[in-house]
Amino acid sequence: MKKVVCIVGPTGSGKTALSVKLAKSLGAEIINGDSVSIYKKLDIGSAKITTDEMDGVKHHLISHVALDEPYTVYNFQQDVRTLIDQIDKPFIVGGSGLYVKSALYNYEFEQQDNVEFPNINEMIEVIRKADPDIEIDLNNPRRIESAYRTIISGQKRSNKTKKNEPLYDIYLIYLDMDRKILKKRLETRLDLMIEKGFIEETKALINYDLNIIGYREIKDYLNGMNDLDTAKEKIITATMRFAKRQKTWFINQMKPKVYNALSPDLLDECLKDIKEFIGV
């Protein structure tokens, strides 16, 4: 199995800076695992890495698609898998859990073709005849429709590898941080973003439907729905809630090795562990 290093954690935990130092030391390349930084024009508000911050390390899927271009988790999955095959030492860095897991594990996305469904009993009969070994909740119509769609496409559902089976040999680093400290860091970072032109960036994108933390609240401010202090408070509250969900998701779904993001020995600890993992 191809070895892949993955660095995840909440927004503001220091993933970007750590990943660049590690990649530079190991001759690795970084694949962006943040679903917002994939888009062009979303620069300041996404805390997108700059060319200077890359420090010569090759990055992929940064400003990859236009803001009005459809780009799904399936597109991300296919792009990342292609890159993993091409890169000698691939790192994936970001906090978008489903995106990261879909690329590294055997997620299979159902085709969204128009399918005419018979009644439930007829679908169950077709499923049972075509795939006697299937395990499915027959009291769940959506599950039945999904299995039926798969059967008529010519593929047995029971032969599908479960989505919790990894396709690669993964070393997963989760950067953890005390929530009070994280909140302070986020507040400082938000002030810096505004100094850099976050409000102006959002104003230039005002006609886009941006349901993204930060852009959404600044857009409301620009539309006169609240003042700037209220917008900032809402951004921090939403970001902290998101960080809590991120931690729960990664710990439960991907079982990472948890590191203290504020440890003075963090770089040395990660470097040592990754070297052991990749065998250098």
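Glycine residues also receive a Cβ, built from the backbone N, Cα and C atoms like all the rest.
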Under Swiss-Prot, the annotation region 'Interaction with substrate tRNA' belongs to which of these stretches: 34-37, 142-145, 230-233? 34-37
Just to verify: the residue among SER13, THR16, SER96 with the fewest other Cβ atoms within 10 Å, which of the recorded positions is it? SER96
Taking the Cβ of each of the binding-site residues and counting other Cβ atoms inside 10 Å, which one has the highest number: GLY9, GLY14? GLY9
Please list, for the region 'Interaction with substrate tRNA' (34-37), how many residues fall into helix, strand and coil according to DSSP. 0 helix, 0 strand, 4 coil
Between THR16 (ATP binding site) and SER96 (site 'Interaction with substrate tRNA'), how many Å separate their Cα atoms? 14
Packing count at LYS15 (ATP binding site) (other Cβ atoms within 10 Å of its Cβ): 23
